[in-house]
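Report on the following structure.
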């Protein structure tokens, strides 16, 4: 019986790749040093998996930015605006596509969106009429050669062709990206034939099969894999599915002419009993038994029992043991957590530990004595179930006391808008989403305070200095609604979680968000409760520095949930409601302190959608209720804002309207205002601010560009309900580009106001 993983974290336990990437982009190191750091990380991770008992170690899962961007480069699918001449796709062209800048060249970066329902972002492939594809990058072959030299039993991993095209987008109206399928598969054939001679298995990821696949597309899958199997020779192909059940795609997956099928038995444990009776005699079944997306220790007895059922039905030579999906979504190693509460630590497993869990399941099925390991696992499971850390009676009582009126504002939006006229905002009010650039001095002050190297007074003085400067900069720019800039916050979820019961934090629990961006998600281990006010000091201080309206900035309950590792011992909806009650208390405290515009960010509401549309209504019901529970306890004269990332709202616009925020800002510029297409068919009833420039790129957009985007927006959104703002917060940007971009944004709003006056 073989063990394998579907992928491994890329950044390194201490974010080594992040640091080298950012040094390279700044010109502080050269390409040779960046490549060397990548080789060192790959080898370290291959060895780690090998030593943990993994037989087939993935190769090709490492990336300097994103695995979908790697596939774009490998296929030569470089969009025309990047000026690629058709030669090999070099590293600078690769980063140019992702970031929109390379040396003195700038253009619009490729769009980025969430990888299924995870917190990882991928670069969206672009498809054009007349596009040609050819093998244009050799990185996979080079890394496979590296692994072979090191004696690694390597398994190349690629996004499957169906998933690659399904997750892309047409760049010309009326064009069908699937018309390129044959041409794309031709390049895949070349890739498969080249790596097949050097490995025993090739993994092609098709998580799209765990979603609602249109009928005409389903009809083409078999032919694609017939072609790939024909060029693989004796090398065996595995189709990997994950993030959910195959459901109506099960028969299709089982009929593919491949040698192995991976199924996710964490997200969809019930599908095993449907798979086993129908599995072809010659097909190996890979069991995704260890959770690749969450940090909790596995119930090993349960995993072994499930695997035993498969072995009895299939034989051990036709069963593999694996995590449910790539381990990209969890931190590298729990051994790096020295200060975490040892009780909570005993309940956790990171990537390295999950590889060890995979091996324990295999050892048990091979008849090895794993009694001691299982007893330790049993103890951890039982301790967690009974722990007083997990259960808080006061939270349970408050949950039981929630009444229907707590979900509703007192009056309609029209009435509230009249009550909010006292804010005296102009047409097309300008604002930002919340955070401003976090300069080295601010980060250093936070770190020094946390480590006890500076006093609370010194820390407070540094934060107040930043806030004063941020307010002064915004006033000088002419922004209408200000923010305090969030210098005290290392992360929009971690900052709040650190002050809430039921959350804990790691020292080195980093996971990749996109490119070099890493996040350290909180772990929600127990009942959530606010212990004290969390934002009052900084927000009220900022309001004292200006006569203009200032927004209080809070993170909403759904985003707190989606961007955390969530407890798995109760429904997610219950945990979300607990967070909503905690944030509701903060909203009411801010209002009482005189903050009359309060933003409750729900950046993650869209990404929390289940993969299957049939499950959307249930999720959206409790997600919208959680927001309303958070925001509905204020007076009509208090203006509630929310912010969301990504503009794919065509199927959920009515639910967003049900949130009943007075103002919503939505990321829109990177997708060239695709959001407006939704608003043409659905009249959003409240105020809205579609983002007019992309904050993920260092590029400064011109006034003319933003005027054009606002003009487009004004065709479907009445001017009296249109706000002007960037796509997202500005924390990761530098001050010079931030000020230049905001200056142009304010100028664009002023121009449109002038045009509107005739």
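The backbone N, Cα and C atoms fix where each Cβ goes, and this holds for glycine too.
Note that the structure is predicted; figures quoted are calculated from it, not measured.
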Additional site residue, 654, 667, 708, 715 [criterion: listed by Swiss-Prot with 643, 645, 728 for Zn(2+)]: 667
Co-listed 5-methyltetrahydropteroyltri-L-glutamate-binding residue [Swiss-Prot; alongside 15, 16, 17, 18, 517, 518, 563, 607] among 114, 417, 418: 114
Record-annotated L-methionine site (Swiss-Prot): member among 382, 486, 488, 494 besides 433, 434, 435, 601: 486
Rounded Cα-Cα span from residue 518 (5-methyltetrahydropteroyltri-L-glutamate binding site) to residue 435 (L-methionine binding site), Å: 17
Nearest-integer angstrom distance between the alpha carbons (Cα) of residue 15 (5-methyltetrahydropteroyltri-L-glutamate binding site) and residue 433 (L-methionine binding site): 27
Lowest local Cβ density (other Cβ within 10 Å) among binding-site residues: 17, 433, 518, 645, 728: 518
Long-range Cβ environment of residue 643 (Zn(2+) binding site), under 8 Å and at least 6 residues apart: 433, 434, 599, 601, 602, 603, 664, 665, 666, 728
Those recorded positions, out of 17, 486, 518, 696, that come within 10 angstroms of residue 645 (Zn(2+) binding site) at the Cα: none
By Cα-Cα distance, the member of recorded positions 486, 667, 696 nearest residue 17 (5-methyltetrahydropteroyltri-L-glutamate binding site): 696
Integer Cα-Cα distance in angstrom, residue 518 (5-methyltetrahydropteroyltri-L-glutamate binding site) to residue 696 (active site, proton donor): 14
Assigned element (helix, strand, coil) containing residue 17 (5-methyltetrahydropteroyltri-L-glutamate binding site), judged by DSSP: helix
In the chain carrying residue 486 (L-methionine binding site), residues 6 or more apart in sequence that have Cβ under 8 angstroms from it: 434, 435, 436, 492, 495, 553, 729, 731
Packing count at residue 667 (Zn(2+) binding site) (other Cβ atoms within 10 Å of its Cβ): 26
